[in-house]
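What follows is a short report on a single structure.
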Amino acid sequence: MFLPRPDFRIALFICFMAVSFVISRFGSEVRPTLLLALPLVLGHVSTGLIGFVLNVIAGHHSTVTLAASTIGTALLWLPMLVPMGTLISLTVLVSQLHGAERERDIGPLFRQALWLAMLLGLVMFTFLSVVPALLPLFGIVPDIVPGAAKFLHVVRWGSLAFPLYFCMRYFCEGMHCTFPTMLLGFGGLLVLVPLSYALTYGRFGFSEYGVEGLGIATVMVMWLQAVVFALYLWRSRRFAHLQLFAHLELPCWARIRDLLNIGLPIGISILMEGGLFIVTTLLIGRFGTDEIAAHQIALSVAQLCFMIPMGVAEATTVRIGHAVGRCDLLVMRRVAWAGYAIVIGTQTLSASVLLLGYDVIVAAYTDDLVVASLASKLLLFAAIFQFPDGLQMLSSGVLRGMKDTRVPMLLAMISYWGLGMPLGLGLGFALEWNSRGMWIGLIIGLTAAAVLLGWRFRVVSERMFAGIP
């Protein structure tokens, strides 16, 4: 049973007026941010579409396959979030060096970031090797455990490729070069779709691997993207003067420490947020196969929408880092407000799509009526948290560009684990609202993060203008 579509014209009008006001004051910075963000957004959307396609393929194979891939993917993302976040420090430092015209320091920094990426890849491989044996301890429905374990055993072989790819990607973004992210994202999608379909269902001469096929295809695409990115940087004339691969350097712990001082709090912050969703997924696994399948449908759609503000936030990080490197605080503030205007606009669009088209979206995933009904309700919650999710992401990006990472880490911890998770547990388990209660906890945690990180941006920017370190 699908829900009636609410009338949200007043909310849309308010958002439109807010965006119009900010653009009227800071419009000159909107266009450069959009030009830098567009390839990043498209690259992230391609990543989101990969998750969407994998879920559609798994969902039409069987509900158990979808549930197993959901648990497996959640546990895959848990160690992936740390290198994703930690290596963002490379974008921050490269953009500031580029803005300060100290490009001779970029090549050595990049080579040390590669060492850090390999170290993080080793940690990721170890985690994915150990965690399948622990699956029964999570209280997940027994039917799901074998498939999730098989998926994790396969995808661990992409542990090194993943952080190396992000290291190269973050370097390019710091240099205002965002098209490789877009091209490799869609290239990976074009390879993954037929490959995962063939391996999951046993088409085009391949054996039927089920959920393992999704893992095999994912690993192959991870390595393909990493190798192609490395070849691009090696052959690119644009970066030839930086001598990225001129020679092999031993690890320099002083430079790696600089990367970790900025990046590790970012990695922990992202782990706090991503971990909230991952643990929520594992807990919803206790409610049964239908609940976890419906949750995954709603979550994958919400994650696809999230790719847009993520790209805008990354572009804002680069532009703010560049402005800070030039000591241009006025431009820094204008870029930040332009980013907020863009995100409010994109999130209004995302929420509108979810509110208007949730039944069509659910039908693309599954023909199971019970799962479809549950997923339709959860998509309405996903529409609500588009705004706090986008705003907290943008605030995080702004603060990263200003090299403020430690206090935001603590604010994220308070918001997600001090507020969002306890409320979700209370509503989901104590009041027996099941997945709906857990999603309300997500909304509250994201809203708290949006408010606190926005406040932090105001405090830090006022200190910078006052000349206070």
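The backbone N, Cα and C atoms fix where each Cβ goes, and this holds for glycine too.
Listed features, source Swiss-Prot:
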TRANSMEM  10-30  transmembrane segment
TRANSMEM  34-54  transmembrane segment
TRANSMEM  74-94  transmembrane segment
TRANSMEM  121-141  transmembrane segment
TRANSMEM  179-199  transmembrane segment
TRANSMEM  214-234  transmembrane segment
TRANSMEM  264-284  transmembrane segment
TRANSMEM  292-312  transmembrane segment
TRANSMEM  335-355  transmembrane segment
TRANSMEM  369-389  transmembrane segment
TRANSMEM  409-429  transmembrane segment
TRANSMEM  437-457  transmembrane segment
- Task: Flag the pair the transmembrane segment (264-284) / the transmembrane segment (214-234) as in contact if three or more Cβ pairs fall under 8 Å (sequence separation 6 or more).
- Result: no
- Does the transmembrane segment (437-457) reach the transmembrane segment (214-234), going by 3 or more CB pairs under 8 Å (6 or more apart in sequence)? no
- Select the range from 34-54, 74-94, 179-199, 292-312, 335-355 that forms the most Cβ-Cβ pairs under 8 Å with the transmembrane segment (214-234). 179-199
- Contact set, same chain, for the transmembrane segment (409-429): CB under 8 Å, 6 or more residues outside the stretch: 265-266, 268-269, 272-273, 275-276, 279-280, 283-284, 392, 396, 435-442, 444-446, 448-449, 452-453, 456
- Among the ranges 34-54, 179-199, 292-312, the one whose Cβ pairs under 8 Å to the transmembrane segment (369-389) are most numerous: 292-312
- If one takes Cβ-Cβ under 8 Å and requires six or more residues beyond its ends, the residues near the transmembrane segment (179-199) are 39-40, 42-47, 49-50, 53-54, 57, 165, 169, 172-173, 206-207, 209, 212-214, 216-218, 220-221, 224-225, 228-229, 232
